[in-house]
Ligand SMILES: [Mn+2]
């Protein structure tokens, strides 16, 4: 099981490869606001744990295991954003709140939140009901 910090790296590497086709140490450092030397250290650990293959001058690629986990981590992040959005959390809070909770929920909780998001999607009148309730509270 990757640690929260490892998860952040795998998630970001997955996103970079998905968007640009590659993930450089400098890009990862920028995306995570950390020093490149921290990235190199972590990338070596992720290589040792077989999440990716790192070759100093050729960049890095995710292994099958790394890719599978990266995909799940991105899915989890997006689902939690959808969840906070549908329950009416202000846009400005969503990203940071997701970053704060995503590593601390079991996959069981993620799946149940997924059910709830699905329910809200299938029954938009529930979202309207919730909004009306929130408008009352705001008054
Ligand atoms: Mn995230």
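Including glycine, each Cβ sits where the backbone N, Cα and C put it.
Look at TrEMBL and you will find 1-63 tagged as domain 'HTH dtxR-type'. When the domain 'HTH dtxR-type' (1-63) is classified with DSSP, helix, strand and coil residues number 38 helix, 8 strand, 17 coil.
If you look up TrEMBL, you'll see 8, 99, 102, 103 marked as Mn(2+) 1 binding site. Spatially close to residue 102 (Mn(2+) 1 binding site) yet at least six residues away along the chain are 7, 73, 76, 77, 80, judged by Cβ distances under 8 angstroms. In the three-state DSSP reading, residue 102 (Mn(2+) 1 binding site) counts as helix.
Residue 77 (Mn(2+) 2 binding site) is surrounded by 17 other CB atoms, counting those within 10 A of its CB over all protein chains shown. Positions annotated as Mn(2+) 2 binding site by TrEMBL: 11, 77, 99, 102.
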In the domain 'HTH dtxR-type' (1-63), averaged pLDDT is 93
When neighbour density is defined as the number of other C-beta atoms within 10 angstroms of a residue's C-beta, which of the binding-site residues 11, 99 has the lowest density? 99
Cβ within 8 Å of the Mn(2+) 1 site's Cβ centroid: which residues qualify beyond 8, 99, 102, 103? 4, 7, 11, 77, 98, 100, 101
Distant-in-sequence Cβ neighbours of residue 103 (Mn(2+) 1 binding site), under 8 Å, six or more positions away: 4, 7, 8
When you average the Cβ positions of 11, 77, 99, 102 for the Mn(2+) 2 site, which other residues in that chain have a Cβ within 8 Å of that mean position? 7, 8, 73, 76, 80, 98, 103
